[in-house]
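Data block below; observations after.
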Amino acid sequence: MTAGEPVLEVRDLHVTFGDVRAVRGVSYAVRPGEVLGIVGESGSGKSVTSAAVMGLLPPSATVTGSVRLRGQELIGAPEKRLTALRGKTISMVFQDPLSALTPVYRVGDQIAEAVRIHQKVTKEQAMVRAVELLDLVGIPNPGQRALGFPHEFSGGMRQRAVIAMAIANDPDVIICDEPTTALDVTIQAQVLEVLKTAQRETGAAIVMITHDLGVVAGFADRVLVMYAGRPVEVGAVDDIYYRMRMPYTVGLLGSIPRVDRGGRQPLVPIEGAPPSPAALPPGCPFEPRCPMAVEECSVAEPALLEVGPGHEAACIRWADVGVRPPGRHAAQAAAAVRGGRGAQEVVLRVDGLVKQYPLMKGSLFKRRVGTVHAVAGISFDIRQGETLGLVGESGCGKTTTLMEILELVKPQDGRIVVLGQDTARLAAGDRMAIRRDMQVVFQDPLASLDPRMTVHDILAEPLRTHRRGDTGSRVRELLRLVGLDESHAARYPQDFSGGQRQRIGIARALALEPKLVVLDEPVSALDVSIQAGVINLLDALKSRLGLSYLFVAHDLAVVRYIADRVAVMYLGRIAEIGQVDTVYDGPMHPYTQALLSAIPLPDPERERTRRRILLDGDLPSPADPPSGCRFRTRCPKFRTLAANERSRCVESEPEVRALAQDHGVACHYAEKLEVVQNHEESHP
Amino acid sequence: MAGFLARRLLNYLVLVAVASSLAYMLAAGALDPRSNYADRTPKPPPAVVDAQLTALNLNDKTPLIQRYATWAAGVLHGDFGRTVTGTSVNEDLARRAGVTFRLVLLGLICGSLVGVLVGAYAAVKQYGLFDRLSTGMSFLVLAIPVVVLATMLILVGTWLNENVFGAKVFLVSGEYSDGLDTGFWGGVLDRLQHLILPTVSLSLGLIATFSRYQRNMMLDVLGADFIRTAVAKGLSRRRALTRHALRTALIPVVTYFAFTFGTLLTGATFTEKIFGWHGLGEQLINSIFTNDVNTVAAIAFLAAIAVLAASLAADMLHAALDPRVRTA
């Protein structure tokens, strides 16, 4: 921790919107050069707190308490003084880089604008400074890029531009509100690196708001955990991760899927859902979900108690907290069906699948100007009772693959065989029969359920469509199966929380007793504590009903938990495929290695000592993929090769070749590299 | 960008040709200039009528396609033919187009400018007094037919003339006073006095629609993240609103602006009629009554040109305002 006077001091901050108390007494202080992580789930009030500090809340919000920036009180200060401080002494980086820049102005101009508001410089000087800043945040060719418009920048590039804007005037405090949440994991690693550079350059204190305990582990000095609008635990980063004293923190850490933990251990979800700020329970707000709750907990809300040097927790039983308590919802460890793949029946086989989209131009006379190679020849199979995780960053073609499979028609090239039937030779009746045996669960549980239908109707619809009798008892059975109450059948989707909605989506998919379930990012819209419950449910259902899953996700940690085999996709091709533990423990494709090393671990010590493989730049456009190996433009391995070795990468596209039993890699120079040390090995 | 505009222009030329040809066919097929001669006393002999109609290219005994060919050949040389009374359509419409353009252009500029400002301000002060008032007024204006609105304006104007100014400040009939001899500036003043009330009556409806439209666009943008970014980097709220919000919210309104211009050209008929302006709209109605095929076709042609010129202007404005369109 850095010594010195705090630059930003928040005391007893309260924010209310009408009757809703969104923030209920937050206090913290950050010193120059210090990084404070604020962690919490959605609705915990973490973003509202930061907006209140910046004075960016709408007029309908009432803010009380004190925010002192270098000793100056900000709450109640005149707008003019706030305007002078914003962007100069305190600045902010926002979550969604795609909408954080004004679309109609050049990126360079927007950064120069930030410079010119606070410094007396000419237009030219400001522009020169803007180019310098873009260079600092690692934008290649900054002079030219400064003239570009935001839509010409990728998400990661835009976030760099926003960071450049935030550090333009050498601020004392930078507030980052989920700065990497909207980004892919390799881009996230780049942006976190840029933030570290920015901090080094400006010496600013950083307040890092995030829901991802992995991101703060390696970045923050101190962590503040928020729940229901209040801090529930504050302390040095190691205290929070290794010596936590609040059951919520314990639960949060227990429910994160970790990429460094092999074997099939069930996650420990936190039961229930976070309370609505409009209807808080009496006493400790965590009490209804707390596995350690005693009667006393519902009497009064506990204050933050000193539990160690610089470590506070809001729990009356803090002394008993420490070991991870088993949740009542924890699923039984499933008997994994591993090995002996050959014996099982193949439920889905994809062979050399190709999907291209034409790029059209012109309004009256359309003509083709190019081709987007969304999926460029991929092959995999799924056997009975098996889960294949299809992972990759956005734009790698994983969703296209899934849609092609669901369409059940002849693909542009290659073959799709579902449950022994080739989709190219399906009659309408066969297709209907296959649809019954292959179901899908979508990413957004609210958008995929008709808001005007009751849960009963939603679950009964597939049964009626396929003329299965006695819908009533089947609906009740399905609700029980996914852990919902039978009485819920009469309600509408909007009456449920995110996790419950996804359970309804799963129940709908299971209504017809399918053999194969296709899951499109089924947990990525959910909070971690909820996500764990859904993952456990999917796992339990699989072993109970003998299902096979095709699990599409961008989160490699989640895939490690649920999948038996994993296929890593890059730019429409499979880079590496194989048994989950083989791939995660000894990835052989440079892309898989970089991807795995980019995932932050919720473990500060290991985060600090980890070697991270940073990839350069962004994903190339799928309309114009590089020749030969598609990954070579960003490949760290390619750079170490000699010129004569490189030519092979440039000229020939590597096919997936088996390098071990059930482990295929599409790289000419594949070699094993351990990037994620297994958790159990280092912490026996 | 230039290539894109050139292609657009080409498309539009084809559309103008198709639209005006169809308009001519429709007018020549539906209107019956021969009936104009039926009521005359003494009744002219059929041979004379035929000769007269043939001279005007209006004879329904000539096949339609042949009449169309004659008309189209004329149009290609810039000649729209003759009216039923034998005068040149070109001369008549040239004068009237000037009158209408002056009215519509001024009305549109006033209406859209004030409408955008009212709408933007109402959005910024959402649910405030100004917002409620402007919303109420907009709906009131939209609910009143133009005829009533214009007549009310005339009444208010004359009342103001008599009771407030004590002189004729607002002139309510015609576009200028006949036989005025006050020199150049006197003439300009006189025309302005004539112009005020029709412009106001045309603008009011536009202000109402534009303000509604702009208010919605502005509300969309006000909640956008980039406004928050702009404030967070130290822009005052006012500057963030004008520089970042208004500019972005203007983009969709531009399209609306251009198309309104096209439709107003003939849509200002009521206003012209009530204030005694002899413009295109008035003439369109008249020519339909007098079975004046050539004039109807010519006005349809002008309207088509206006709509397409306006949408070309919209494309260009859109590209100027929105860089995302430029690269597409």
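Glycine residues also receive a Cβ, built from the backbone N, Cα and C atoms like all the rest.
Annotations in TrEMBL come from automatic prediction, not curation.
Fair warning: this is a prediction, and the values are worked out from it, not measured in the lab.
According to TrEMBL:
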- B:97-314: domain 'ABC transmembrane type-1' (DOMAIN)
- B:12-31: transmembrane segment (TRANSMEM)
- B:103-124: transmembrane segment (TRANSMEM)
- B:136-160: transmembrane segment (TRANSMEM)
- B:192-210: transmembrane segment (TRANSMEM)
- B:245-270: transmembrane segment (TRANSMEM)
- B:296-317: transmembrane segment (TRANSMEM)
For the transmembrane segment (B:136-160): best-contacting stretch of B:12-31, B:103-124, B:192-210, by Cβ pairs under 8 Å: B:192-210
Contact call for the transmembrane segment (B:245-270) and the transmembrane segment (B:103-124): at least 3 Cβ pairs under 8 Å, seq gap 6+: yes
Positions on the same chain near the transmembrane segment (B:296-317), where near means CB under 8 A and six or more residues out: 5, 8-9, 12, 15-16, 19-20, 23-24, 27-28, 31, 71, 75, 80-81, 89, 93, 97, 254-255, 257-259, 261-263, 265-266, 280, 283-284, 287-288
Residues from the same chain, set at least six apart from the ends of the transmembrane segment (B:192-210), whose C-beta lies under 8 A from its own: 102-104, 106-108, 110-112, 114-116, 118-119, 137-139, 141-142, 146, 149-150, 153-154, 157, 168-172, 174-177, 253, 256-257, 260, 264, 268, 271-272, 274-275, 277
